[in-house]
Amino acid sequence: MDTDTFYVDEDVGRDDDSATGSEAAPYKSLLFAMVQHPKATYKTRKSETAPADASADPASRLEWKPAAKSALKKATNLYEQHRKKQAKAAELAIREQQEAERRKRVLEEAKKVVIEEDPSLPAPVKIKLNTVDPAKIKLGTADSKGTRVRVVGRVHHLRSQKDIIFITLKDGKGLMQCLFSGNLIKTYAAMTLTLETSLEIRGELKSLPPGAHAPLDRELHADFFTVIGTAVGDKEAITNKVQEDGDVQKLLDNRHLTLRGDISSSVMKVRAAVEMAFIKTYEEVEFTKVSPPAMVQTQVEGGATLFEFNYYGEKAYLTQSSQLYLETCLPGLGDVYCIEKSFRAEKSLTRRHLSEYTHVEAELDFITFDDLLNHIEHMVCRVIEITLSDPVVAKYIYDLNPDFKPPSRPFKRMKYSEAITWLVEHEIPNEEGKPHTFGDDIAEAAERRMTDILNVPIFLTHFPTEIKAFYMQKDPSDPRVTESVDVLMPGVGEIVGGSMRIWDYEELIAAYKREGIDPEPYYWYTDQRRYGTTPHGGYGLGLERFLAWMCGRWTVRECCLYPRFAYRCKP
Ligand code: 4AD
C-alpha cells in the first residue's frame, strides 16, 4: 500500500478501529480518513450502490478513483471545523484542570481560616425564623443597631457573589435571608456549603436596603456560624434527586426529600390547618371525638375493596369506614365524629383513589335528611372560613391555588334522576359509551365532567337503592331511591358520601339478605335498632380529596405524607 494513500469505500468502509484505510480495510467517509491521516491522498469508490449512470459497467464501481474535488473541499471544511472544536475542547480541559487545581489550593487555604465568635459582641437571643415579636427583636437601621440573634435551620437557597453569600435559611416555620461576608466566606465550610446543610447562625438583624426583597422584610448579617450537619452535594445533591417536573416514580421513591420542598411542605401545612379547623368546627357544633378500631370483622362499603388479614387465625379486615362504630356511639355520646384512617383495596390507579386515606366521619342523631345536608354545608363552609382566617395558611392556599374561591351557600342540590337527565341532555355517555339511564352508577369521568361544567359544589342526592350500600335509608316518598348524598367539587368530583341510615330492625335484616351479608358478625350494629332506635345519619369526607380541591392539586397523592395506593407501600 502506498503509505500516503488512504481508501474510502462509502458502502462497505468502516469509520472505526476495525478500518486502517488500506484497500482491504477502507474507511467509510472522507472526513474520518482526514481526521486519521491529515494531508494524505485519498481514493474513493462506492462498491455496492449503483452509480447515477445505471448503464455504467458494474466493474467500474470497484475501481478506486481519486477523491472528487468537490468532495475533498467539503471534507476539508468539515475537517477544519473538527480541528477547531478539538482545539477548543483541549483548551477548555486545560482550563478546567487549572481551575480544579486552583480551587483545591484555595480550599486547602480555606481550611486554615478559623472563625471565632467575637466575645465583645452582645450575647445572642435565640429566635425562630418566623419570630416577629418586637419585645424580643429590633431591626437595625443605618443609624441604630439591631438585636443580635441566634437561629438554626437548613439552607433552602444559596447565592454566592464575589464578596457576599446570600443564604435563605428555613426551619419549617419560616424563612430568613442571611448574609455571610468578610472572613466568614473565606472558610472551608462557607466555600463548600450545599443546599439542605443545617447551620447555626449568629448575627445582627437588620431591615432591608431600599428596593430589596426578603422574607419578613429583614435580613441577618452573620458574624459567626457553625455547620451542624452537611448535606451531600454534586451528583447526590437534593436538586439532582428531586426535580419539580422529574419522573413521577423517582419523586415518589424520594418522597422523604420531596417533602422538604416549598410545594409539598405547604400542602402539609394546609393539611394540618384543615384538620384543626375540622376539630374546631366539631367543637363548635358540640360533637364528641371518638376513635373507632382500624381492625374489624365487618364490611361497610362492599367486599371488593376489603383488605383482609389473618387475625390470630380469624379472618379480619382493615376498616373501610368507621361509620358503623360511630352509629353505636350515638346513645352514649350524642353526635360524634372521628378523623381516622380508612383502607380500600382499590386496584385502579386513578388520581383520586388511595389505599389508605384520612376519613373525616360524623354521625348525627334524631335528624332528618335535610338536617344532614344543612350540617354538611355548614361544616364545609365553616372549615374553609377558619382555615382562611389564618393569614399564613391563606397565603399557602392562594400560592398553591391562586383561583381558589370559597364556595357560596346554599350549595346546588340535584337529585340523581336530574343528573341522569342532565348527562343525557349534554351527551355525556355512561361507561359503555351509551346514554345514561336510571340505575347507572355514574362513573368517575362523567361525574367529573358534569361537576366541571356546572363549576359549583353540588349535593347530588337520592341515589337508587341498588347502587348504594346496604345500610342506606329509603326515601319514604320514593322507595326506588335512598336518602343519600354525594358532595361533588369542581376539579375533584366526590369528596363526601353520606346518608340517612336504616333505623328499622326488620328493614335492616331485609337489607342484609338482599346484599347477601351474613347478619351474625353485625349483631352489635343490628342491636342499635333493638335498643331505642332513632332516625339518624352521617357522612364521610375524604381529607385528601378536600385538600386536592382546596390546594388545586392534580392528585390526592400530593395531599398525604407518604401516599399508599395500588402497588406502592414505600417509603
Ligand atoms: O362514599 P364512601 O365510600 O362512604 C363511606 O365510606 C361512608 N361509610 C362514610 C360515612 O357515611 N361515614 O367514602 C366517603 C368519602 C368519599 O366521598 C371520598 O371522599 C373518600 O371517602 N374516599 C376516598 N378517598 C381516597 N381514596 C379512596 N380510595 C377513597 N374512597 C373513598
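Cβ coordinates come from backbone N, Cα and C, glycine included.
Keep in mind that what you see is a predicted model, and the values were worked out from it rather than measured.
TrEMBL lists coiled coil at one of the ranges 90-117, 118-145, 146-173, 342-369, namely 90-117. Given the ranges 42-62, 63-83, 231-251, 252-272, the record in TrEMBL names 42-62 as region 'Disordered'. A Cβ distance under 8 Å defines the sequence-distant neighbours of the coiled coil (90-117), meaning residues of its chain 6+ beyond its ends; these are 183-184, 186-188, 190-192, 202, 223-225. According to DSSP, the region 'Disordered' (1-23) comprises 0 helix, 5 strand, 18 coil.
Within its own chain, the region 'Disordered' (1-23) has Cβ neighbours under 8 Å at 29-30, 32-33, 36-37, 40-49, 64, 67, counting only residues six or more beyond its boundaries. Per-residue confidence over the coiled coil (90-117) averages 92 (mean pLDDT, predicted model).
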